[in-house]
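These come from TrEMBL:
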TRANSMEM  124-140  transmembrane segment
TRANSMEM  199-217  transmembrane segment
TRANSMEM  229-247  transmembrane segment
TRANSMEM  259-276  transmembrane segment
TRANSMEM  358-382  transmembrane segment
TRANSMEM  435-455  transmembrane segment
TRANSMEM  461-481  transmembrane segment
TRANSMEM  493-524  transmembrane segment
DOMAIN    547-683  domain 'STAS'
Amino acid sequence: MPRKYYGAFSHMKTELLNGGERREGIMASVCRFHVERPVYQQEELNDEYKSERTSCKSLDDLQSSHRKFRLSSCLTTLIPALNWLVHYQVKDDLFKDCIAGITVAVMHIPQGMAYAMLGNVPPVVGLYMAFFPVIIYSFLGTSRHISMGTFSVTCLMVGKVVLEHSQPMAATLVPDGNSTDVNATSTLPRLAAATPVEVATTVCFIVGMYQLVMYVMRLGVLTSLLSDTLVSSFTAAAAFLVITSQIKDILGIQMPKKYSGNFSIIYTYIAFFQSIDSTNKAALTVSLITITILWSYDDIVKPRLRQVTSVPIPIELIVILAGTLISRFTPLIDENHIRTVGHIAVGLPEPSPPRFDLIPSLLGECFSIAVVAYVIAMSMALTFSTKLKYDLDANQEFLAQGVSNVFGSFFSCMPISASLSRSVIQQVVGGKTQVAGLVSSSIIFCVLLWIGPFFEPLPRCVLASLIVVAVKNVLLQVRAFPKIWRLSFLDGLVYILTFLTVILVEVDIGLIVGFSVSLASILIQGIRPYCCLLGRVPNTDIYVDKTRFNTVDMPGIKIVHYSGGLNFANRGYFKSGIHNLLHFWPRQEINRRNQMIKSNKVGPLEFSNPMNCLILDLAAMHYCDPAGVNTLRSIGEEFKELSIPVYITGASGPVYESFQNNDLISQNLFHFFPTVHDAVLYDQIIRLESANTIIQPLPEENSSTL
């Protein structure tokens, strides 16, 4: 039987007000449309319009793909620079890339030296990280704007590993005759304890290998499971640890020992307060002056300067130059015993392999560093690619970072990641491609060959102050926590548990806890999806949530909408949710009727049902596993025993095929319809055609016809 109904179009109306101001508003319905089509059941619609079922690639498709394979396409995929360098616009982009590269290099010099201190390695290691790995990433990476190299969070994580596994010993081998180890043999030398640089380079090698394995396994998609809440809380907690690690240099005090392990942050602050009397007042004064200058520039000068020019003032480099010159040409530093950076090697380091004997003891700790470094870099890269509308390859980023780290591990480097501040500057000053990274590396190369020793007199408190100011904005992300808590209890729980675990326990444990809680929140939300009763919007075939809209009730018809997947985990909620919405529990009603029949109180045909039919709107169901199909089957059987027909509407292709494969359709427990309105009209037709049933027509207004 065909159905007819009317609808309406609306369009924008522009009015000219007094003074020439225009105002736009939606005009009333001025045009109506009329639709007439049959009432379809799902099988009828499938028979009439369904195309061939889609399937996996056929053998012909695979052979065609194999024929299209070319070595050149493989190389351009593995080395993206081979593709974009061919199309590089020298006239339009080279000048902008040079300006961006110079600006980033100027920032990288102080940041590299400062962040290397977080890794408990010499400051020159930060400059190595700004040269060797950056060159590799420029050719293999797919992001055009992130600045790779040192980053506070990853350097801090490496610093903890270095602190636990190294001793500042110069020798690598100790003769057996000097050994007091009872297990030492008389023929083989004993390996000496690793130096901080050796541990750091070994960590860099392992991190790179982890990232290469993730590339081979195509695990780039897993980064989508790291929510913004998790990344924000993790980096904020790491920033707090970064600031804590710099307090000793800001105050100029000597800590009795470095703490690590659970609750080390508490022991560290206790040690700070116990050593507060030994504060170097001159170092504290220099630190306060440096922090004041940098903070004032960031919060006062930079916003106003940005309105005038996009080229920033290299305030960090100016502060470091000033500190170096004051230390070199005045007795202030020596007289007040302020610690300085110390010796900086000239030239490039000789390539040397990492300490492979340390790998077994570092594997567990390096995995979290590999994930964090990748996630931080990828989140920044996605921000720029979305803003500037170009594509990224998440798996290629694993390859780029992995190769960069493995290569850098042979040249005294720590694991690299992207820096937020340098990346933003690279984009703001007009950087267009990865050529900016090559320009930056060239300048760092000159610094390593000739300029590095100039910074040897630089006070460490100046570098510590630079670090504190650089990560303050990351730490201030905690101000978003109250809003996150108000918007979502689960997100708030992810935030607070990640933050506290990173601070009180360990950085890597905090990441695991945050990731686990985040996955648990997704599971909880999947187990309890959205479920509601629907009502009809007057004069339409639109059915909406009755609690949110003013709707028309369907006499004798109950419509339940379910949104989400149906699987073994939430099948109980699905069934109980339907019963609770209907305020009707079929199994209890069946038992009640059986007892009454057994007691001869009433006949089998004398019962009345609270509804004529039940419609399950599954248009928003995206997946149904065998356990979910069995749950639907049990619902259909219970309602069939009560002589209440159940209609399923809107089942998507995959869901409907799941019903077919699990023999749900062949059992004739349900009728299937493409839309809710088809099911409503079908029920009306059936009841009209029933000689023994008197029904009331659907309430309709004058402007709509069924």
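Count begins at 1; order follows the chain as displayed.
Keep in mind that glycine also has a Cβ here, set from the backbone N, Cα and C atoms.
Per-stretch counts of Cβ pairs under 8 Å to the transmembrane segment (259-276) identify 493-524 as the leading one among 199-217, 229-247, 461-481, 493-524. Taking every recorded stretch in 199-217, 229-247, 461-481 and counting its Cβ pairs under 8 Å to the transmembrane segment (493-524), the highest total belongs to 229-247.
For the domain 'STAS' (547-683), the DSSP counts in helix, strand and coil order read 58 helix, 26 strand, 53 coil.
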